[in-house]
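A.B. asks: Okay, handing you the structure first.
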Amino acid sequence: MKVLSVDEMRMLDKKTIKGLGIPGTTLMENAGIGVVEMIRDTVSLDMLQSVCVVCGKGNNGGDGFVVARHLWNEGIHVDVVLLGEKKDVKGDARINLDVAEKLGIPIHLYNKLKKRGLRKLLNNADAVVDAIFGTGFKGRPEGIYRDVIQEMNIHGKLIFSIDVPSGVNADTGEVEGEAVFADATCTMAFIKKGLLLYPARYFVGELYVTDIGIPPQIVEEEDLRMELLEDDFVKPLLPVRFPYSHKGVYGRVGVIAGSPGFTGAACLTSEAALRAGAGLVYIFTPDGLLPIYETKLTEVIKVPIGGDAVYEPAMIEKIRKRIAGLDVLVIGPGIGTAEPTRMFVKKLLKEWDGFCVIDADGLNDIEPKDLKNSKGRWIITPHPGEFSRLTGKSIAEIEKDRIGSAREFSEKHEVIVVLKGVPTIIATHEGFIYINSTGNSGLSSGGSGDVLTGLIGGFLAQSKSPSLSAIAGVYIHGKAADIAMDEGENEYSLIAGDLLYFIGDAINSLEEEE
């Protein structure tokens, strides 16, 4: 599903209304009908005797007047509270305000109601519709807007927001002051990117998208580069499996990971690559760690490269010929940041120009200049702390603009960035952004990222497409955690090793989609 910025949505509205001549009242009518359908889907309209619709002076308020009319037509008593004077309502919104008045719908001016009057209406209502601010809102609500939002939240009634909960920045997801805590939000035509980001997601509730009548032709003319990952989008991206084939067809993954105390990271990564469908997985390991892998990893090929228990620059000579036949290198999980290891990673990346996934300490061992061989073939999978070190930005700066930060670094260094978090953001060097929709807090435990790295590496060995592999890996990783919940696990006890057993179920769930 396409995800838009506020400016992109504004452009589509403009081209539809001014370019094609479709009246704005038509879009507003469709928006209002969509909101009523959201309410109907959430609670039976028969259960609603009275609804309070709180409207601002702009087009969001206009949508609210349409909602009020349709609820009134359903036999529900509706009270409209207007935060302003009637003379301040203009254009399409004024048309719908006038219609509501002619139908006899009570229109209350907040300036006359004050807090006490509003409280009475809210107390008598079974549900509240938030039609105060639209997607153009930025900053913090002040004055009567702040007071009204506080009252709406305090009363604990079902709240349905139109397009965006009032007080939320629909572009950035920021909430600088008071904001409506919605039970459900109906956004128009396309999801606005801020609604998928925190802290906005705390306020959105259940998110609905309604078609307001923007022609597909108008959408196709725009260069829209953000996508919310869903089953129907990801399914075609999974690598193809052939009836007549052998292990060599599905690629060779080389894993360079693990150190004393962190061999589990290497094991999780290697097994996840196999679970993703890679034909062969090799782990290149210092001799001192070999006994652990011989015991733990049955299907993974172990390649001892000398030394004791940490990677050193001298080992490059021993693996140079062996890695030449690989399709993908996976570097970093649990590898450590000792100086010899750091030098090893830097030297290896200087020589390697094939497909590569770099994670964890692999990222802590390098600088941005070490990514010059990428040319769009490498994937990095940082969490915000690792990304902070690479970019020089604070974690707070990154979290404030996850999409922009990932896109900027990806384009500058020609790497695919998988910025882990909620939601995980995938940025490609061509400027495309993919926002993940799967996963839960059960992924917040040690080793989860190692499984993700292995999944991406395994998919990359087969597809030879870094962007598609990052998308598939991230989505399946989160999907495995979600399916684990359905199968009796919980977000407290889920561990990384459990994920390995749900990867197959996650892939099956896409294959079963019609």
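Cβ coordinates come from backbone N, Cα and C, glycine included.
Sharing the record's features from TrEMBL:
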- 9-220: domain 'YjeF N-terminal' (DOMAIN)
- 59-63, 134-140, Tyr145, Asp163, Ala265, Gly334, His383, Asp450: (6S)-NADPHX binding site (BINDING)
- Asn60, Asp130, Ser166: K(+) binding site (BINDING)
- 230-510: domain 'YjeF C-terminal' (DOMAIN)
- Lys420, Gly421, Val422, Pro423, Thr424, Gly449: AMP binding site (BINDING)
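On this model, are these features tucked inside or out on the surface, and what's nearby?
C.D. replies: In the three-state DSSP scheme, Asn60 (K(+) binding site) falls into the helix class.
DSSP assigns Asp130 (K(+) binding site) to a strand. Within the same chain, the residues at least 6 positions away from Asp130 (K(+) binding site) whose Cβ sits under 8 Å from its Cβ are Val54, Met152, Ile159, Phe160, Ser161, Ile162, Pro165, Ser166, Val180, Ala182, listed in sequence order.
Secondary structure at Lys420 (AMP binding site), taken from DSSP and collapsed to helix, strand or coil, is coil. Taking all protein chains in view, 22 other C-beta atoms sit within 10 angstroms of the C-beta of Lys420 (AMP binding site).
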A.B. asks: On the Cα atoms of Lys420, Gly421, Val422, Pro423, Thr424, Gly449, which are listed as binding AMP, what is the maximum pairwise distance in Å?
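C.D. replies: If we measure all Cα pairs in Lys420, Gly421, Val422, Pro423, Thr424, Gly449, the largest is 14 Å.
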A.B. asks: Round to the nearest Å and give the CA-to-CA distance linking Val422 (AMP binding site) with Thr135 ((6S)-NADPHX binding site).
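C.D. replies: Each residue's Cα considered, Val422 (AMP binding site) and Thr135 ((6S)-NADPHX binding site) end up 22 Å apart.
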A.B. asks: To the nearest whole angstrom, what is the C-alpha distance linking Thr135 ((6S)-NADPHX binding site) and Gly449 (AMP binding site)?
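C.D. replies: Cα-Cα, rounded: 35 Å.
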A.B. asks: Mean pLDDT for the domain 'YjeF N-terminal' (9-220), rounded to an integer?
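C.D. replies: Value for the domain 'YjeF N-terminal' (9-220), mean pLDDT as a whole number: 98.
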A.B. asks: Within its own chain, what residues at least 6 apart in sequence put their Cβ under 8 Å from the Cβ of Lys138 ((6S)-NADPHX binding site), listed in sequence order?
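C.D. replies: For Lys138 ((6S)-NADPHX binding site), the qualifying residues are Asn169, Asp171.
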A.B. asks: Return one of helix, strand or coil for Gly334 ((6S)-NADPHX binding site), based on DSSP.
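C.D. replies: Where Gly334 ((6S)-NADPHX binding site) sits, the three-state DSSP reduction gives coil.
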A.B. asks: Neighbours of the K(+) site Asn60, Asp130, Ser166: Cβ within 8 Å of the Cβ centroid, same chain, sequence order.
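C.D. replies: Everything else in range on the chain: Val54, Gly56, Gly64, Ala131, Ile132, Phe133, Gly134, Ser161, Ile162, Asp163, Val164, Pro165, Val180.
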